[in-house]
Amino acid sequence: MKKLTALWDIDEQLDSVHRDIELQEMILDSRLANTGCLFVAIKGHRVDGREFIMQAIQNGASAVLFETDLVEQHLTVSFEQNIPLIAYYELSKHLSHIADRFYSSPSQRLTLVGVTGTNGKTTIAQLLAQWTQILGHTSAVMGTIGNGLFGQIKEASNTTGSAIEIQSSLDKFIRQGADFAAIEVSSHGLVQHRVEALTFRAGIFTNLSRDHLDYHHTMENYAQAKKRLFSELNCQHKILNVDDEIGATWLIELSKDDPDVVAVSCRADYQPDTKNWLKATALSFHSKGTTIEFASSWGNGILSSPLIGGFNVSNLLLVLATLLSLGYDIGKLLATVRQLTGVCGRMEMLSAKHKATVIVDYAHTPDALENALQSAAVHCQGKLWCIFGCGGDRDRGKRPLMAAIAEKFADSVIVTDDNPRTENPEQIMQDILTGFQQSSAVQIIHQREQAIKTALQSAVENDVVLIAGKGHENYQIIGTTKYHFSDQEIVKKYF
């Protein structure tokens, strides 16, 4: 609980009654306003929260903090129905720091690890929380699948929540007993200053490939957004995938000011020239997962993991390097790695006797689809099937690229609907089809359930069917409505 006057120096503008206002929470949604809350009205990309100030007051908000475009209005107080309205210049940019102060700097009261990159964020965040929990911690996670203590995750609307949601969630996790948290840090979250005030004990870079160009416009802008986690924010340990060209470049740049940057590679021939490093020296893929021999500046060892896919080698090594950087004992890590389990919708394998093997994966970018298909091929002794689509109201440029990848790596391709949102599914399909050299060989089935059913009825034992794009999602967005839909449920229905 915070007093209004403890947050800003505005005593002289308030009478004794308003000086004693006690606030219990910060909120952005006026519909959730109630007594004891500070309603925050920011100028968003789609909605201007200032238009809902009166609704928040009517619902019981005890005070309002709103964004002003005029620097001379900064921290001036006005009143509406005896409720104080505090103007704040460039509020969006400073909201993370305000929420940090309001919730007593929660990121400094536990071990927080941030994960950024195009692919792998969810798997790495989940593995960090899972592994530390196995080692005796109470761990939390925030990201694409949802937020909460590990094993008690609730669905979230964005990969990286609002500045307020992040700080309030961390505070809540601590009150629930958490001492470790892993958070997926999206490029949007970095550009929009949502993680600005966080103290990261470690930050991980996974990789960079085409995604979100509808927002960032260029790959250079996209890369610079990701780099902010390491170059501009409070990040103690920096763990980089140097097999990625951007990661290798950042290693050189960041090492100039921080000699402890950690280089991670899946290549046995990688020659580290940094103080801290970890690399795979031998890999073995089998039906039960992957075995990884590694060498590192902390020592050598063997990891046996149930995770499938070459890119999960990189994910697991990045997790291992992070925990070693944080001081975890290498012996305890190697002794517990077998207890790790896969992540929902991330190369999730479903099988039944005398049926094709099905892999459900979240792959929705060209690079992710290529990785998923190459990984699926390792476990395929027959035909490799690929079912995919592309989301509506998103980057159109990646659609033909994904088609070309599906055609190159799969034996049979079915193009279906993903989340068309408000875009015409037929237009999405036409964009995709331009990427095929022989589109006549491709099956087009808009209804996603029918597409999955067709593949499962056609595929035979020893075939592998990759269902890409939705992963953990249990919904399909058509228009502006979310309908219940789960790839996994459909597979089990027709198995």
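Even glycines carry a Cβ here, placed using N, Cα and C.
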Check each of the ranges 118-121, 418-421, 422-425 against Swiss-Prot and return the one annotated as motif 'Meso-diaminopimelate recognition motif'.
418-421
Among R394, R396, which residue does Swiss-Prot annotate as binding meso-2,6-diaminopimelate at the site that also has D418, N419, P420, R421, G469, E473?
R394
Including all protein chains displayed, how many Cβ atoms other than that of P420 (meso-2,6-diaminopimelate binding site) lie within 10 Å of its Cβ?
22
DSSP residue counts for the motif 'Meso-diaminopimelate recognition motif' (418-421), split into helix, strand and coil:
0 helix, 1 strand, 3 coil
Under 8 Å between C-beta atoms and at least six apart in sequence, can you list the same-chain neighbours of K226 (N6-carboxylysine), or say none if there are none?
T116, G117, S187, L190, F205, L208, I246
Given the ATP site residues G117, T118, N119, G120, K121, T122, T123, which other residues of that chain have a Cβ within 8 Å of the mean position of their Cβ atoms, reported in sequence order?
V115, I124, E184, T206, N207, N315
Whole-number mean of pLDDT values that fall within the motif 'Meso-diaminopimelate recognition motif' (418-421):
97
To test your reading of the meso-2,6-diaminopimelate site: which residues beyond R394, D418, N419, P420, R421, G469, E473, same chain only, put their Cβ within 8 Å of the Cβ centroid of those residues?
H364, G389, C390, G391, G392, D417, K470, Q476, I477
Where's the emptiest Cβ shell within 10 Å among the binding-site residues K121, R394, R421?
R421
